[in-house]
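Visitor: Residues or ranges marked as domain 'Cupin type-1' by TrEMBL: 22-177. Residues or ranges marked as oxalate binding site by TrEMBL: Asn67, His72, Glu77. TrEMBL lists His70, His72, Glu77, His123 with the feature Mn(2+) binding site.
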Amino acid sequence: MIPMLLICKDPKKVTADNFYFSGFNKLGNPSNSVGSRVTQVIVNHLAGLNTLSIFLVRVDYAPHGLNPSHTHSLATEVLVVVEGTLYVGFVTSNPANPNMKNKLFTKILYLGDVFVFPEGLIHFQFNVGKKKAVAFAGLSSQNPRVITIANAIFGSNPPISRDVLTKAFQVDKNVIKYLQSQF
């Protein structure tokens, strides 16, 4: 758990090391079911971040790796691609007009490109390349919170009722059973 706010260190005991982190150059291992690994630099690793409303991450993507659809309820995210090619996007929140649909905003990002994901909106990144990709992101909160959508919906404990999910997704119960079995 990442604290929202830590007690500040006695200023007489602060050193340059409180404002320093080493290791963001190290490759994260994206060998998992989604093909990405997120490395966080949080206040627990870098005390100088305390009270600054900043959270940093490095995301390593295998070829065709995905940082799955997720949201940060307390932060905006700014992503910078430093290697590879990413297809990124976010979906707007529910429109006030029930006749309108949620809008998807996407872009293909290359080396040096920057993309912003507004606070609280569902977003993703997908490596469309045949080689690895790397991106760095800054988030506007010391604890931005993350909810990975599929994990939350299909992997909760206890599980959400299949009747609820069947109705919500308008699919057969066997589809829901299969999806829940993946988490």
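Just so it is clear, glycine is given a Cβ too, placed from its N, Cα and C backbone atoms.
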Visitor: Cα distance, His123 (Mn(2+) binding site) to Glu77 (oxalate binding site), nearest Å?
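Guide: For Glu77 (oxalate binding site) versus His123 (Mn(2+) binding site), the Cα atoms are 10 Å apart.
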Visitor: Residues with Cβ closer than 8 Å to the Cβ of Asn67 (oxalate binding site), same chain and 6+ apart in sequence?
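Guide: Result: Val34, Ser36, Val38, Val59, Tyr61, Phe124, Gln125, Phe126.
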Visitor: Using Cβ atoms only, which residues of the same chain lie under 8 Å from His72 (oxalate binding site) while being at least 6 residues apart in sequence?
Guide: Phe117, Glu119, Gly120, Leu139, Ser141, Pro144, Arg145, Val146
Visitor: Hey, which of the binding-site residues His70, His123 is the loneliest by Cβ count within 10 Å?
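Guide: Lowest Cβ count within 10 Å among the binding-site residues (His70, His123) is His70.
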Visitor: Starting from the oxalate site formed by Asn67, His72, Glu77, give every other residue of that chain whose CB sits within 8 Å of the mean position of their CB atoms, in sequence order.
Guide: Val57, His70, Thr71, Ala75, Leu79, Phe117, His123, Ala137, Leu139, Pro144, Val146
